[in-house]
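Database features, via TrEMBL:
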- 1-27: signal peptide (SIGNAL)
- 30-224: domain 'Peptidase S11 D-alanyl-D-alanine carboxypeptidase A N-terminal' (DOMAIN)
- S66: active site, acyl-ester intermediate (ACT_SITE)
- K69: active site, proton acceptor (ACT_SITE)
- S132: active site (ACT_SITE)
Amino acid sequence: MTHFSLFSRGLAAGAALIVLFSPSSYAVEQAPEAPPVDARAWILMDYASGKVLAEGNADEKLDPASLTKLMTSYVVGQALKAGKIHLTDTVTVGKDAWATGNPALRGSSLMFLKPGDQVSVADLNKGVIIQSGNDASIAIADFVAGSQDSFVSLMNSYSQKLGLTNTTFKTVHGLDAPGQFSTARDMALLGKALIHDVPDEYAIHKEKEFTFNKIRQPNRNRLL
């Protein structure tokens with residue numbers, strides 16, 4: 001079972017079950033109350049069946065932020081699966097993926113790439129997935145599709161194929177952009193597709209840390 005929670009700091013697990021005894025009566029079981037979920041929108045979905053076990057505002061359209069990179073990862077995984085790119089391919093980093101030269105990237109999560117860096121697809125992919133690198137997302141998008149705009153078109157094309165009816169992507173990394181939105185339900189469906197369609201890509205998501213250019217960064221998923 002896999003659950004995906006949109007903009008959540010964590011899902012409380014467990015509830016209290018109180019059994020009261022008295023000399024004159026039999027035990028009475030009280031049904032546990034659902035634990036509070038500290039998220040504006042969330043969903044708990046069984047991977048195998050797709051059954052929704054619990055949800056809250058699951059269809060509310062919100063900014064997906066860095067969860068956008070789930071689709072970035074999915075597109076890369078499909079390109080690898082189709083043999084269009086390979087993990088050993090070398091990518092030359094362009095200026096648009098350089099935080100110092102791109103104001104939109106300043107202060108955001110980065111792999112800390114520089115223009116002219118020669119980086120393997122394997123490392124860039126880990127930079128996207130583990131480090132949530134916005135610069136890595138740009139660099140790998142440019143390599144896969146030729147430009148960020150073309151890569152975003154691929155993202156939205158896959159969204160339609162996967163039935164993500166309440167999702168529109170405008171960026172490859174998830175930084176704020178007008179008209180970019182998704183829902184907890186769509187993100188759960190995307191996560192399910194990631195696991196099923198590109199398992200090798202999904203396996204990277206469980207790695208706890210990644211070091212590039214002597215900079216070690218932990219996985220942004222705090223549940224690991």
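Placed from the backbone N, Cα and C atoms, the Cβ positions cover glycine too.
Bear in mind that the values here come from a model prediction, so they are computed numbers and not experimental data.
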Entry from the active-site residues list S66, S132 having the most other CB atoms no farther than 10 A: S132
The residue listed as 'active site, proton acceptor' CB neighbourhood, other CB atoms within 10 A: 24
Distance from S132 (active site) back to S66 (active site, acyl-ester intermediate), taken between C-alpha atoms, in Å: 7
Rounded Cα-Cα span from the residue listed as 'active site, proton acceptor' to S132 (active site), Å: 7
